[in-house]
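Read the structure below first, then the notes.
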Amino acid sequence: MRQLFVLDPLSQIRPEKDSTAALMQAAQRAGDDIWSCTPSDLIARGDEPMAVALPVTPDPWIAVGAPERQSLAGFDVIWMRKDPPVDEAYLYATHLLEVAERAGVRVLNRPSALRAWNEKLGALRFSRWMAPTLVAGRVSELMAFAREQGDVVLKPLGGRAGLGVIRVQAEAPGLKALLELVTEQERLPVMAQRFLPDVTEGDKRILLVDGDPLGAVNRRPSEGEFRSNLAVGGQAEATELSEPERQICAALAPALRAEGLFFVGIDVIGGMLSEINVTSPTGVREVERLMQEPLADQTIERLRSLV
């Protein structure tokens, strides 16, 4: 197969930690031709999708050939693996990738789903599995929810890697001013969730491939921190899935398959769903290292069975 990876500039990739690098190397081991480009390299001339792409040999990291204009219709699979934020440039890239999709190319994850499934709001489809949650921009609503729950976590809807996530108590002085700040004076909604004390034991990143859980790691927060994201100092640990976690995965699977969300990372705290990550989920390297599971190879094998 010919596979194109749309991602951040290769110079920014840390291959020893990066899930996209792991997938590219697994595709190479499967005998596929690997190409890469950034979102700004995508082109549509009329209804013909193209890209100025680089032929790459990702293992060992990395040999890069000269850029070539390629018809996207000539690829079997295109991976959209650009990291958030989901800004204008990101959204326009998904529209250009839809042109390739109409030409018969399998795009992962499906561009329309990348737009529709905000990584915070998408979880609301499965609210029965979540802690009490409120999404609002009105400060009075958020304050009432904080008083009701006592201890809450506030998340920006466009955030990633734990950035901008804060924990507040209802009686905290200056709560109203803080809520005015995070909502930009009630211009933007934020997500408020009941704080789950189980987070001190870690939150679990579960990677689902075509709806099936193929790997997971526990991410334990560092001393004095409640955020467990690896990007803010969390430590990855080996883990196994509990029965409630398997039930969550089973509940999500039909919707993920129907929406074309082939590679997804969900976050679970104390048996409760926190987020559904669809843009460029991480954790492959940690699963492979801690669980001794060839997750990237399994992902490419599953993909080849579907294309």
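Glycine is no exception: its Cβ is also placed from the backbone N, Cα and C atoms.
Over in Swiss-Prot, the protein carries these features:
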{"type": "BINDING", "residues": "146-202", "note": "ATP binding site"}
{"type": "BINDING", "residues": "GLU275, ASN277", "note": "Mg(2+) binding site"}
{"type": "DOMAIN", "residues": "120-304", "note": "domain 'ATP-grasp'"}
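Cα separation, ALA146 (ATP binding site) to GLU275 (Mg(2+) binding site), rounded: 20 Å. Listed in sequence order, the residues of the same chain lying 6 or more apart from ARG194 (ATP binding site) and placing their CB within less than 8 Å of its CB are ALA131, PRO132, THR133, GLN149, ASP151, VAL152, VAL153. On a Cα basis, GLU275 (Mg(2+) binding site) lies 23 Å away from ALA170 (ATP binding site). Per Cα geometry, LEU154 is the residue among the binding-site residues LEU154, LEU178, GLU186 nearest to GLU275 (Mg(2+) binding site). Put simply, ASN277 (Mg(2+) binding site) is 17 Å from GLY202 (ATP binding site) when counted between their Cα atoms. Rounded to a whole number, the distance between the Cα atoms of ASN277 (Mg(2+) binding site) and GLU186 (ATP binding site) is 26 Å. The Cβ of LEU154 (ATP binding site) lies under 8 Å from the Cβ of LEU142, VAL165, ILE166, ARG167, VAL168, LEU179, VAL182, VAL190, MET191, ALA192, each on the same chain and at least six residues away in sequence. For the recorded site, GLU186 (ATP binding site), the DSSP three-state label reads coil.
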